Each structure stands twice: as C-alpha cells, then as structure tokens.
Amino acid sequence: MHDIDFIKNNPELFDEAMQNRNFGKIAHKIIELSANKKHTLTQLYSLQKERNNITQEIEKLKKDNIQCDTQIELSKEITKKINHINNMIKTDSELIDLLNILPNIPDKKVPIGKDENDNIEIRRYGKKVDFKFPPKTHYELGENLNLMDFKQAAKLSGSRFVILKSQLAQLDRALANFMLDVHTQEFGYSEISHPVLVHESAMYGVGQLPKFADDSFKTTDNFRLIPTSEVALTNLVSNANINANELPIRLTACSQCFRSEAGSAGKDVRGMMRQHQFNKVELVSIVTEEQSELELERMTQVAEEILKKLELPYRVMMLCTGDLGFSASITYDIEVWIPSQNQYREISSCSNCKAFQARRMNAKYHTISNGNKVNKFVHTLNGSALAIGRTIIAILENYQNQDGSITIPHVLRKYMNNQDIIKKQ
C-alpha cells in the first residue's frame, strides 16, 4: 500500500517509479480520487452534524409539546441525502482497489530494466565441478536410484508433485534441520511453527491478494494455503505497535508451501524445479526504517552462508525494476549452479519491502522524540534460506558421481546417520 500524501507531494516521481515497473502514469487519478473521497466525506460529516442538531431540536420541541412536523420532514430529507452519499462511497472503494494493484516503489539502487535479462550480477562464489562425464539431471539421478517417484505422485495428485523415498526423504528432512540450526544458532533467528492455512486478510497483508489470487490455492471459508512462510511470519505483527527497542525481530520457519503455478505452462515440466507443493525455510525481519537497508545485506549473507556450507557454486543478482516482486522495493536473487542445464537457477530471493506491507497490515513501531511518542510503520524483509526442493536438485547434480551415486555434503552427514553417500540399494 502506498502513502497518498507522498503521491500528492511527488506525483512525477511516483509516475516515474510506476513506469519503471511497467505501469502507466497513475498519480493524477489517485490524487483526483483522493480529493473526491475527501469532498464526499466532508459532505457526509456536515449532513450528519446537521441531522444530529435537528434531532436534538425535535426532542426538545416534543418535550415542550410544540409542533415539529417541519423539522421531522427536514430530518427525513437529510437522511435521504446521507443514504445517497453512503451509496456514493464507492469512490473510496475505487481508490483502494487502485492502490491495491500498484506495486512497491523501487529503491534508488535498483537498476531500471524490463525483465530478468536486465538484472545485474553482484558477485559469484564457488567453483563449478569439472565433470569427466556428461552430468545427469536430478530427476534422472533420483529415478535411477529408485528414490524419486513422479508417476506415483501423479496418481495421487496429478502433475508437479513428487514422492521422495528413503535417503532422499531423509535428505529433505536433514536440509530443513541443518538450515534452521544455522539460522537459530549462528544468526539469532527465532524459530516459529505456524499454520499453513491462513485467512485471506493475511494474504492481503503481504501483497499476495488481490492481485495474485490465481497463484494460490483457496480452500473453504476464505482460507488460503500459504505460498511461503513469509505470509504467516510477517502477519505476526499485523495491527501491532512495537517499541523500537524491541527491533529488529528476526524469525525463521520451515513449512510446506503451495503454489498453483498459474502462467507456468510449459516451464520446468519435468522434475522438482517447479512444484505445486514444496518445503522451504524462510527468514523474516521486522525492523525500523533506519535498520532496513543493512538488514537486507545481512539477510542475503545468511542465505548465502547455507550454500557456502554446502559448497555449492552460486551467484547473487540484483533484480531490475521490471523483475521485482510486487511488494519488494529491492531484491537480491541467489542463483545456484545446475550442471545439467548449464546455468544458474534461483534458489533464494531476499527482499526489503520497506513500509509497503506494513501499511497493508497496519504494523507500526513507536519511539520517543522530544518527549513525544512518534509512531512509524515498520519495515519488513523476507528471504528464502533456502527452498529445500531446489537445494536437493543442486546437491544431486553437483555431487553426482559417474556411477549415479550421490556424495552427501559434509555438513549434512551428522543429520543423516553419518552416511557419506546415497546409492542404489
């Protein structure tokens, strides 16, 4: 959600920001709708005040047994006008509906561009494996080991699902425990276990609704399955007013995530790269305005640390204006090397949403300035650290051996009964 006062005071700047995000000029319409809303509400308050005065007059006249038919008729006329104006309050709805579909303003650091081709590489880490044989895909490796079953998953649930067995199921669990241990023990995040069904208001709070309604699964009674733990963790501070001394708040969770993958027809149709259901470890930070810039750098480094410990080659990209997520003001994508595709693929996305989500959730913090309490909107950040399914893909492909077995990364072996290799049983 946007600050209307900012739009009124900076219409050209706002239009430029929206154009950089592939939207047209919109500031004038927002200002006009806001003025209409203000005028309508002024009329409404004036009529309500007038009716209250007449009502008091009628009560007094009746008490004194004085005829008051004229006042009663006038009260009825005013009531009709009030009802008419209440019906016109759709102007307010139109303004909110418009603001609800406008993305966040890009940070000044964000490069201007149309799509992923205009993203900028920030840094790389790790050396790519020099295979002495043609590397297999993760799904070839998994199926050959009889540990990855797409056919049985399709019988149960259709396409874009997978069943992991034995050592791969253990690897999935090991990765979750490893990531959570790093985040909580080394970086001070608090682990949260939360529902995966949330009210639509929670989805609205982080910007998933209304614009991306088709991307999530709706159940009954206005519940939605979460596409990411970001939804649950960020909404823990909705309608809160936190003492600034309690910030930053850093939370982490591992949960199942559910995505309809609307618009992804034909993309990554084989394997685990793009699934309707997957596990992911998420990071969320709730901070002050002054803390948010450095917090994004810290969060990104935390996500990178997982890949460093797993010894997986990766690169960090800064997304351009045209590729930013809806709620993000600035985003770093971390892309891991996938040998079979001979390219880097996204495994984490770390974003600073600044006050955009906080306005939708009414999440604030307070400080004392010159003896007075000052309320401000918190800044929210979120990051994948990491998507577990894609981490499994990266491990299978980067740690594969010529015989089709998989060497288990050293940091995971204590989570897998000290096994050092995954092989066909």
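Residue 1 is the first one shown; counting continues down the chain.
Note: Cβ is positioned from N, Cα and C throughout, glycine not excepted.
Per Swiss-Prot, the features are:
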type    : residues                                 : note
BINDING : T228, S229, E230, E282, S384             : L-serine binding site
BINDING : R259, S260, E261, E346, I347, S348, S349 : ATP binding site
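Sequence-distant contacts of E282 (L-serine binding site), defined by Cβ-Cβ distance under 8 angstroms and a gap of at least six in the same chain, are T228, S229, E230, L233, T252, A253, C254, S255, N382, G383, S384, A385. Taking the binding-site residues S229, S348, S349, S384 in turn, the residue surrounded by the fewest other Cβ atoms inside 10 Å of its Cβ turns out to be S349.
Around R259 (ATP binding site), a 10 Å sphere centred on its CB holds 20 further CB atoms from the protein chains shown. Sitting within 8 Å of the Cβ centre of T228, S229, E230, E282, S384, and not among those site residues for L-serine, are the Cβ atoms of V231, L233, A253, S255, C257, K280, V281, L283, V284, N382, G383. Within its own chain, I347 (ATP binding site) has L307, Y314, I334, E335, V336, S384, L386, A387, R390, T391, A394 as residues 6 or more apart in sequence whose C-beta sits under 8 angstroms from its own. For the binding-site residues E230, E261, E346, the greatest number of Cβ atoms within 10 Å around a candidate Cβ is found at E230.
Each of the binding-site residues T228, S260 was scored by how many other Cβ atoms lie within 10 Å of its Cβ, and the smallest score goes to S260. In the three-state DSSP scheme, R259 (ATP binding site) falls into the coil class.
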